[in-house]
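Heads up, the thing below is written out as structure tokens.
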Amino acid sequence: MNMLILKLPKMFSQLWLLLILSLLTLEGPQPSTGSGYTTKSSVDLLENDSRYISYQDLMSTAKRFYDPETTWYSEMLFDVARNQVIVGARDTLYRMSFDLEPLERASWGATPSEIAMCQAKGQSERWCRNYVRVLHSYGENQLYACGTNAFQPSCSWRQMENLTVTGVDSGVVKCPFHPQANSTSLLQSNGQLFVGTATDFSGSDVAILRTGVESNKRFLRTKQYNNNWLSGAQFVGSFEAGHFVYFLLRESAAEHMSCGKVIYSRVARVCKNDVGGGGQLLRDNWTSFLKARLNCSLPGEYPYYFDEIQGMTYAESESILYATFRTSGSSIFGSAVCAYNLSSINAAFDGPFKQQEHSDAAWKTVNTNQRSQFQCGTSSIGHWLESSRYQLMDEAVQPIGAEPLYHSKLEQFGRLALDIINTKTEQVHVLFVASSGNHIKKLSVKYDGDGVQTCLVELWQADDTGTSSLLNMAYLKVSDSLYLGTDLALTRIPAQHCSRHVSQSSCLNSMDPYCGWNELVERCMPQPQDSSVLQHWHQAPQITCPVLNAPIDGGWSTWSPWAVCQQHEQPDSNCQCRQRSCNNPQPQHGGATCEGISTQVTNCTQHGGWTEWSAWSPCSQTCGIAVKIRRRTCGNPRPAFGGRTCVGSEQSEMYCRHLPPCPVAKPQSVDGGWGPWGEWSECSAQCGGGFRMRRRECNDPAPLNGGMECPGCRLDYEECNMQSCQEVRKLSAWTPWLTVTGSGNSSEPHMERRFRFVCRATSPDPSSVRIGLPKEESRNCHADGSCQRQVDHDSADSDAADWSPCSVSCGGGVQQRHRGRGSQSRVCNIHACPAEEQLSSNSLDNELEHGEWGCWSEWSACSVTCGLGLRRRTRRCLAGHDRLCQGRALEEQKCEMVPCEDFLGWSAWSEWSSCSSDGIRLRHRRCLVEQPGSMECRGAEFEKTACVPNECEETQTASTATLPIVIFVGLLFTVACCLATYRFTKKRFMLSAEEALNKTTTTTASFDTYPNQYSSLPTKDYYDQRPKRQSSFRMPAKTSNLGNGNGTLNRNNMHQNNTPKVLAKTYIDCESGTIKRQSALNNCRSNIDDEKF
């Protein structure tokens, strides 16, 4: 092999020689092949070449998918059975139709903790995401997907129909760590995954592996950190054929290390059934691994090598491998496409090996007989030893033909896709080659007995920005489309563009294997599927390279997008314009030019213009001051598309002269009309019948110019809350004790009685109050001043014991005596001690520790009529002296009246009006300030209240119809009261102060009425101090005839008669309740129904 070897010390001085030789090799005459064909070298295609299709024209039939939230469309998996394509992108999986319509989107991103860990290890934020790099179908409905996952590869099992995750697996050794790493993988139906990738974080440990898709499966790999096996390999692709799996890669050539670093393209092969070595020899390593160099070069005395493989595709039906190659980075850019028969690849693996015994030794050719392990046969220890020695084949794999199928200078080929199409007469392979500048070259390759013919059919501009990077390219036969995955979008481009050829000659001369002329419709079209139409569809008898020197009729490109353009001689006016060019294809060699316009203009700026003035209108009236008008419109032309509107007025007015004055018109009267009724007021009573009111105003309209007032009433009343009120009962206070037997002398034994009454009412009306039967209590009083309620004694005949000594000598003590089971107590030595404020523990307060308070009186009226004031209530100690009870006898409470500001500015309220027929009375006041401030004249001007319904009528009726009955009942009641008063007043009412204090009660009380566990009052009376609320009984004068039975008990309780006020309350009585005798607190009860009358 002839090689140009440059010694390192002379490299810079002889670099110019290398450049000259490279140019001579690329541009010199090409040798002929044995078949008589010559390989066409690439030509510089300009945009006026008939084979060039611009991005604008390409997108007219293409489909582009773009998602602003997604980038890096690196993987595609076609699922023909379900008419869908699975797309892997950054953090996302898509399920789409073949026309790139999204069917489902599944997010699959790395967790925040994984991203943080990735950045902590030194990686950039851009790459610390989950980039999908592996997509494989497994079984009938399973998808196996793997992603970089922020440099922590992860895999997942999903369903093909809805991308639902069914399982998760580690992606280490199955998926690369870095998104830009060159890797390849192949999944067999038995679940064995063959992978060529970097297996560590740094990307330095590159290997070819076999592992299972299930977890914890044993894997085989190339020997680690051994350059004879793999030396910095960059994987391009892989395919399976027969018992073998083949990997295409480029790596540093270990056999050329002594002369400097060189990149060679390789094909590596392993057996599918390789079980690996045993013991310490090739344990977990391949025993069938071999690799050979791929030769793609231009022949000559100094062959021009394209050493770096970039893309590959395998035609399984033809057993042909296609690959794209580039020159090394240190030489002039050049690219080529080479094809290899599988038989040529296997022949190289059947040849001798190239071995280097040690690092300083020269490489030599070696043959060995123990090769069964390389043919997927059985192996032994001896075979393992041979496998550990030999990996590199001595002979390179030679391409089909003596030179590349297609090559070009100053271009860089990348990925490769293949379609095999049957024309009307023969079979043609169509290659889609990605080139620099985001161009796609469509090449036709035809094999026959004489050799290979490769032709450039079309050149596509796949992107007009020049910023996107092609990540994946694949061809789908079902849709006859090429799919491009870039870092920005996903694009589907139809393989044929027949409609751009407008004549039969142009169609046939294009030599596009997808196109033919349909004479029925006279159009260039793809091959029809209907056999009856196929006979009218014509192609060239033989597909050759396009005829470039024949007349080519021009064809219009697609319209450009609408854009702003400027009108001629009007710098402030713009239009919307779009253009097309006659370059799809451009007419050449006398071909017909395009027919039609090349520019379209619309939506031009149009400034407004006035129309002519209209005729003057009639005067607005026939007398007085009037005007007439004329009009014009801005419609000649109307402003449009940003044009200026007309300047000036669209209406002109002029006074009408010489019109007679108009007579003065009398204003028309307007009768008043009622407005809507207002809301109903609150009811005047909660039960027993009340009234509520609503009002309306005569303001809809208000009477004007002498119009009539509104008929009817301004106010409206109705009854409310007609349900009956619940009857309320209350007890009156006990009357004072009245002497009923004896001579009236308090020093003699006598009997006393007292009474209380029950009042019932069903409404607040005083006339509804009814008085029930009285309740009475009796007690026996002795000559010593003590009294005792009547009770049966077991020892009635036993004499009372003497009084015990007084408990204290001063300050008030207690004496007790016992008779039978009863006992009595009285106060003694009540005169003050020398130091009364410091009573000892034997004082009256400690002796009478069970002194009880009476009930509180009613609250007094508030001390003020507006603002904040006080109200008071009092109570008396039932033991006879306030000092004998714990607590306060007076209690005060704050009370709040209406704010005093409400009276500012107002006059005094008027008297209440008479009751209306609706039972309502009113009063009013007026504001004394003409312009009141915010604090003056606040509140209502009128105030209303409800009267007792039909009070006057009932009173009149009672005074006439029932007068005899009232007189009779009054006389009968007076006679009864006189008889009772005669019996009660036989004894003197009042006692001296000392006797009152010494008067005690017995511990056991009895009543001459029925037994009752409640007693309204204690059985001891005190008269040392009169309360504020006096009993209605007064001390009888000696001249009083009360004891003679001349007293009168009436409703009004006239004091001059010295008769009790039945409903009056004493200071020891409760409003409505009783005191439980056995209760230590003497609680007041409100349920008077428990009093058994």
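Just so it is clear, glycine is given a Cβ too, placed from its N, Cα and C backbone atoms.
For reference, Swiss-Prot has these:
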DOMAIN    50-495  domain 'Sema'
DISULFID  Cys118-Cys128  disulfide bond
DISULFID  Cys146-Cys155  disulfide bond
DISULFID  Cys296-Cys338  disulfide bond
DOMAIN    497-546  domain 'PSI'
DISULFID  Cys619-Cys656  disulfide bond
DISULFID  Cys623-Cys662  disulfide bond
DISULFID  Cys634-Cys646  disulfide bond
DISULFID  Cys683-Cys720  disulfide bond
DISULFID  Cys687-Cys725  disulfide bond
DISULFID  Cys698-Cys710  disulfide bond
DOMAIN    850-901  domain 'TSP type-1 5'
DISULFID  Cys862-Cys895  disulfide bond
DISULFID  Cys866-Cys900  disulfide bond
DISULFID  Cys877-Cys885  disulfide bond
TRANSMEM  960-980  transmembrane segment
REGION    1018-1056  region 'Disordered'
COMPBIAS  1041-1053  compositional bias 'Low complexity'
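Taking the features listed in Swiss-Prot, we show where each one sits on the structure.
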residue: Cys128; record: disulfide bond; DSSP class: coil
residue: Cys338; record: disulfide bond; DSSP class: strand
residue: Cys619; record: disulfide bond; DSSP class: coil
residue: Cys646; record: disulfide bond; DSSP class: coil
residue: Cys683; record: disulfide bond; DSSP class: coil
residue: Cys720; record: disulfide bond; DSSP class: strand
residue: Cys862; record: disulfide bond; DSSP class: coil
residue: Cys885; record: disulfide bond; DSSP class: coil
Residue pair Cys900 (disulfide bond), Cys118 (disulfide bond) - Cα distance, angstrom, rounded: 78
Other CB atoms within 10 A, centred on Cys877 (disulfide bond): 20
Spatially closest candidate among Cys118, Cys296, Cys338, Cys725, Cys862, the listed disulfide-bonded residues, to Cys155 (disulfide bond) (Cα to Cα): Cys118
Most Cβ neighbours inside 10 Å, all chains, among the disulfide-bonded residues Cys128, Cys296, Cys656, Cys683, Cys725: Cys296
Cys877 (disulfide bond) and Cys866 (disulfide bond), distance between Cα atoms, whole Å: 34
Euclidean distance between Cα atoms of Cys895 (disulfide bond) and Cys683 (disulfide bond), Å: 26
Number of Cβ atoms other than its own within 10 Å, given for Cys885 (disulfide bond): 21
Least Cβ-crowded entry, counting other Cβ within 10 Å, from the disulfide-bonded residues listed as Cys155, Cys619, Cys662, Cys698, Cys895: Cys662
Helix, strand and coil totals (DSSP H, G, I; E, B; other) for the domain 'PSI' (497-546): 13 helix, 10 strand, 27 coil
Most crowded position, judged by CB atoms within 10 A, among Cys146, Cys646, Cys720, Cys862, Cys900 as disulfide-bonded residues: Cys146
Listed disulfide-bonded residues Cys118, Cys146, Cys296, Cys720, Cys895, filtered to Cα within 10 Å of Cys687 (disulfide bond): Cys720
Fewest-neighbour residue among disulfide-bonded residues, criterion Cβ within 10 Å, set Cys338, Cys634, Cys687: Cys687
Listed disulfide-bonded residues (Cys118, Cys710, Cys866), ranked by Cβ neighbours within 10 Å, top entry: Cys118
Nonlocal neighbours by CB distance (under 8 Å) for Cys623 (disulfide bond), same chain, sequence gap 6 or more: Leu659, Pro660, Pro661, Cys662, Pro663
Spatially closest candidate among Cys656, Cys710, Cys720, Cys885, Cys895, the listed disulfide-bonded residues, to Cys296 (disulfide bond) (Cα to Cα): Cys656
Segment-level pLDDT (mean, integer) for the domain 'Sema' (50-495): 92
Counts of helix, strand and coil residues, the domain 'TSP type-1 5' (850-901), according to DSSP: 5 helix, 16 strand, 31 coil
